[in-house]
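Report on the following structure.
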Amino acid sequence: MHIGKKNYPNLITSFRMNLKKIILNHDRFSHPERWKTNALLRFTFVYIKFLFDLMIIKNPLRMVGKTYRDAVTALNSLQSNYANIMAIRQTGDRKNTMTLLEMHEWSRRIGYSASDFNKLNIVHITGTKGKGSTAAFTSSILGQYKEQLPRIGLYTSPHLKSVRERIRINGEPISEEKFAKYFFEVWDRLDSTTSSLDKFPHMIPGSKPGYFKFLTLLSFHTFIQEDCKSCVYEVGVGGELDSTNIIEKPIVCGVTLLGIDHTFMLGDTIEEIAWNKGGIFKSGAPAFTVEKQPPQGLTILKERAEERKTTLTEVPSFKQLENVKLGIAGEFQKSNASLAVMLASEILHTSNILEEKIKCSSNASIPEKFIIGLQNTKWEGRCQVLEKGKNVWYIDGAHTKDSMVAASTWFRDTVRLSKRKKILLFNQQSRDANALVNNLYSSVSPEITFDDVIFTTNVTWKSGSYSADLVSMNTSQEDVEKLKVQESLVKNWNKIDDNRAKTHVTASIEEANELIETLYDEPADIFVTGSLHLVGGLLVVFDRIDVK
C-alpha cells in the first residue's frame with residue numbers, strides 16, 4: 001500500500017483500533033493495579049510508544065490540513081468498532097469506573113479543571129425518552145432573553161445530518177470553520193501532553209478519548225471560548241458514569257420519562273436505570289422530573305436526590321400549555337415542555353433575570369417569553385412533517401419501545417382521516433428491531449394499514465458509501481452488506497400483517513427514497529422511523545435533491 005498523506009487518517013484509524021482491541025481483550029487493563037506490577041506489560045507499551053513516534057502517525061493530521069472534513073475524519077477514527085463493542089459486552093462488565101477520572105485527566109490536558117465549567121451555568125438533563133427535546137425547549141426559552149444571556153450553549157446527541165448539530169450556540173450548529181478550529185485546538189493539546197501510565201493505563205501516548213468523550217471535551221472548550229452565559233447539557237447514556245457528569249455544579253438538573261434502554265450499560269430494570277440517571281444529581285442543584293414516572297423509578301430517583309443532598313420535584317403538565325402549538329409536535333411533548341419551563345425558570349432566577357421562580361403547579365402563570373420560546377423550538381427528526389412533491393413525510397427517529405409507541409400514535413392520530421396511500425420506511429440496526437416493529441404495528445392497528453413497507457439499511461448512498469458525518473462503526477458490517485436485519489424484518493412483518501402489505505428491502509436510503517417516488521402516481525403518507533441514523537441519512541438525501 002502506498003503510504004501517502006491521504007492514507008494517514010486510515011492508517012491511524014486502523015492502528016488505533018487494533019491497539020484498542022489488544023487493550024480491551026487484555027484482562028490486566030481492567031485492573032490498573034496489575035499494570036503497576038507487570039513490568040513486561042509496561043515495557044510493551046513503552047515499545048508501542050516508540051513505534052508511534054517512529055511511524056510518524058502520532059499526529060499525521062497536522063500534515064494533511066485542518067479543515068472541517070479533516071476534523072470529521074479524525075473524529076470518526078475515535079469510534080469504537082463493532083468487534084470492540086462485542087468484546088466489551090462479552091466481559092459482562094457494565095461499568096467503566098475510570099470514565100470520570102479519565103475525563104478529569106483529559107480536561108487537565110487541554111487546559112481545564114472541572115471547576116472551570118461551573119461558569120457555564122449548566123442545565124443538566126437525563127432520562128430515557130424526550131431528553132433531547134427537553135434540552136431544545138430549555139435552550140429556546142433561554143434564547144428569548146438575549147439581552148441578559150447573549151449566548152446560550154446546547155450540547156446534545158446524537159446528530160442527524162452533521163456532527164456540528166451536537167454543539168449549538170443560540171440554537172444553531174457552530175460553523176464548519178469554528179468546529180475545525182476548536183476541534184484541532186483540543187486535538188493538538190492532547191497530542192502535546194501525556195498522562196501517568198501508572199494512574200491511567202489506557203491513556204498511552206498518542207491515544208485520544210473516545211468519540212463521545214472527545215465531543216464532550218470539545219463542547220466545554222467551545223462554550224468557554226465563545227463566552228456562553230448558560231449551557232444546556234444532555235447526558236449521553238445514563239448519568240452516573242456519563243462523560244458529561246464531570247459537571248460538578250450545575251444550576252439545575254432534569255429527568256425526563258424513564259424507560260428500558262441501553263440495558264447493557266445501565267441495567268435491565270427501571271430501578272437500575274433510575275439509579276444511573278439519578279447520578280447527575282448534585283448538592284445545591286434542585287432536580288425536577290416529569291409526572292407519571294414509573295413508580296419504582298421515581299422511588300429510586302427520590303432516594304438518589306436525598307443521597308446527593310438535593311430536592312426532587314415532580315412537574316405537572318401546565319394547563320396554560322394545553323392550547324399552545326409547540327415547536328416540536330406530539331401530545332407527549334407537553335410534559336417535556338413543562339419540565340423545560342421549570343429548568344429555564346431556575347436558570348433565569350439564579351441569574352437575577354426572573355424576580356420570582358415559576359410555581360411548580362399546573363395552574364402556574366407562564367411568562368410570554370417562555371411561550372414564544374416553546375413555540376419557536378426547532379428539532380428535526382422528532383415528529384417532523386415534510387411535504388416533498390406529491391408526498392407527505394412523517395419523520396421520527398424513535399428507537400425505544402416507549403418512543404416508538406409515542407411516535408406511532410402521533411402518526412396514527414395525524415393521518416387517521418387521510419385517504420392517501422400509506423408507506424412505512426423503517427430500520428434499526430443495533431437494537432431488537434423486530435420488537436420495535438411489533439410495538440409500531442400494535443400502536444397503529446387497526447386504524448392504519450400500510451400499503452407498502454420498506455426495510456432499508458442506514459447506508460446513505462446507493463454507491464454503498466455514507467455521508468462523512470454519518471459514518472458509524474458500531475454495527476456489524478457483514479450484517480449490513482448481507483441485509484440480515486432487513487430480511488428478518490420482512491419475515492416478521494409478513495407474519496404479523498398476514499402478508500397484506502407489499503414488503504421491500506433496499507441496500508441504501510437513497511434507493512429507498514427512489515423506490516418510494518416510483519411506487520404510486522398518487523400522493524402518499526410516508527412514516528419514517530426506527531433510527532435517528534435512518535432519519536439523518538434521509539434528510540441528507542433530501543438536501544442533495546433540493547440542491548439539484
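Glycine residues also receive a Cβ, built from the backbone N, Cα and C atoms like all the rest.
As written in Swiss-Prot, here are the features:
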- Gly130, Lys131, Gly132, Ser133, Arg382, Asp396: ATP binding site (BINDING)
- Ser157, Glu234: Mg(2+) 1 binding site (BINDING)
- His262: Mg(2+) 2 binding site (BINDING)
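Overlay of Swiss-Prot feature records on the structure.
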residue: Gly130; record: ATP binding site; DSSP (3 states): coil
residue: Ser157; record: Mg(2+) 1 binding site; DSSP (3 states): coil
residue: Glu234; record: Mg(2+) 1 binding site; DSSP (3 states): strand
residue: Arg382; record: ATP binding site; DSSP (3 states): coil
residue: Asp396; record: ATP binding site; DSSP (3 states): coil
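Long-range neighbours of Lys131 (ATP binding site) (same chain, six or more residues apart, CB within less than 8 Å of its CB): Ile125, Glu234, Val235, Gly254, Thr256. The Cβ of Arg382 (ATP binding site) has Gly132, Ser133, Ile328, Ala329, Gly330, Asp396, Gly397 as same-chain neighbours under 8 Å, each 6 or more residues away in sequence. Note: the CA-CA distance between Gly130 (ATP binding site) and Ser157 (Mg(2+) 1 binding site) rounds to 12 Å. Least packed by the Cβ count within 10 Å, out of the binding-site residues Ser133, Ser157, is Ser157.
When the binding-site residues Gly130, Gly132 are compared by the number of other C-beta atoms lying within 10 angstroms of their own C-beta, Gly132 comes out lowest. Note on Asp396 (ATP binding site): other Cβ atoms within 10 Å of its Cβ, all shown chains, come to 24. Here the Cβ of Glu234 (Mg(2+) 1 binding site) has 25 other Cβ atoms within 10 Å, regardless of which shown protein chain they belong to. Within 8 Å of the Cβ centroid of the ATP site, not counting the listed residues Gly130, Lys131, Gly132, Ser133, Arg382, Asp396, the chain contributes Lys129, Thr134, Ala136, Ile328, Gln333, Asn336, Trp379, Ser403.
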